[in-house]
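I have placed the structure first, in the form of structure tokens, so that the comments after it can refer back to it.
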């Protein structure tokens, strides 16, 4: 049967679903472009699709925000056609053995902060920040982190007067308990600070592999939420972040000290992450862990680990990153030597070129530009999303209620161009 939506899109197979409805892979009949088609029963008790489609239109044009191509009604369904995206960060986290390297955490955190700042600048809070709601792009935008699922989002201030919503208590928990802020657990109305506290927990989840309040047993959902809240309150931030750079504890402490109506200092938070990045000597080359793992798994049998043991894969990732750092240190030493040589040989004829200096420019320009970004102003709607990348698709989210927009397939992760070293613009 040839099912068509809006006279323009053809529905093919189901790629996801949950309590909200179902998601199908679709195709633009005219261009053959693949899209995601989300269907919600028109008689849903708590319909969200119309509201969500309006938010996507408000956020339209933002970096890392999928575009809505069509919204309408057909028979018993509300229907939204959107950009097709790649795997979620939760999918990729599982693919990499449920632990990310510090470099990957910092590159992701930088983009995730900018996505949250963008929706806050448009007067909304997300209220469900978690790995499942961040999806990588596909094709040439495979290195771009996308924020999705605005069904629980809420306007926190008037768009004209910027009057903040009032402080309230005794609210039900909205979002995902694992990543919810302490104030959310305690029934306090959410505001901008809560999105950022949730992001802090997500980053530590990526660092640690799990959070201390996971796996708690309870007979009812209410009891489980209470146990998670108690464990979260009892776990000191320094304990949660032990063994990792102190900036992660600083990040979480900052979010917890924010007041209800406070505007978060995103520049300060990004600077925390970026200073770590520079201190570790990383290059912003979009070489995420899943790119390295994919390359390792594609090696001939004699070159790759004897099994898919996650520890072996993590060791391989660390070895490759150490090798990259050593190469960078050598380049910096050569640059220093070149500077000395240039100073002592300034009396050379003008037609004599210092070949060493010329050859080192390409290896140092990117890092210098990246350091300059530490002092750049707060968010503007510009991103370095032109890095050529090749990506395909992956399995559906581990959360059955998660809105995901990608093909249900075997795990095939995005590739990245190893020659791309351009840092993200602010």
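Cβ atoms here come from the backbone N, Cα and C positions, even for glycine.
In the three-state DSSP reading, residue 21 (ATP binding site) counts as strand. What Swiss-Prot records for 15, 16, 17, 18, 19, 20, 21, 22, 23, 38 is ATP binding site.
What Swiss-Prot lists as compositional bias 'Polar residues' is 345-360 (among others).
Among the features that Swiss-Prot reports, compositional bias 'Polar residues' is placed at 414-426 (among others).
Annotation comment: Swiss-Prot describes 9-278 as domain 'Protein kinase', evidence class sequence analysis.
Swiss-Prot lists 340-360 (among others) with the feature region 'Disordered'.
The feature region 'Disordered' is assigned by Swiss-Prot to 377-426 (among others).
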Give the mean pLDDT for the domain 'Protein kinase' (9-278) on the 0 to 100 scale. 95
Give me the long-range Cβ neighbours of residue 21 (ATP binding site): same chain, 6+ apart, Cβ under 8 Å, in sequence order. 38, 39, 40, 41, 44, 49, 77
Least buried of the binding-site residues 15, 17, 23, going by other Cβ atoms within 10 Å? 17
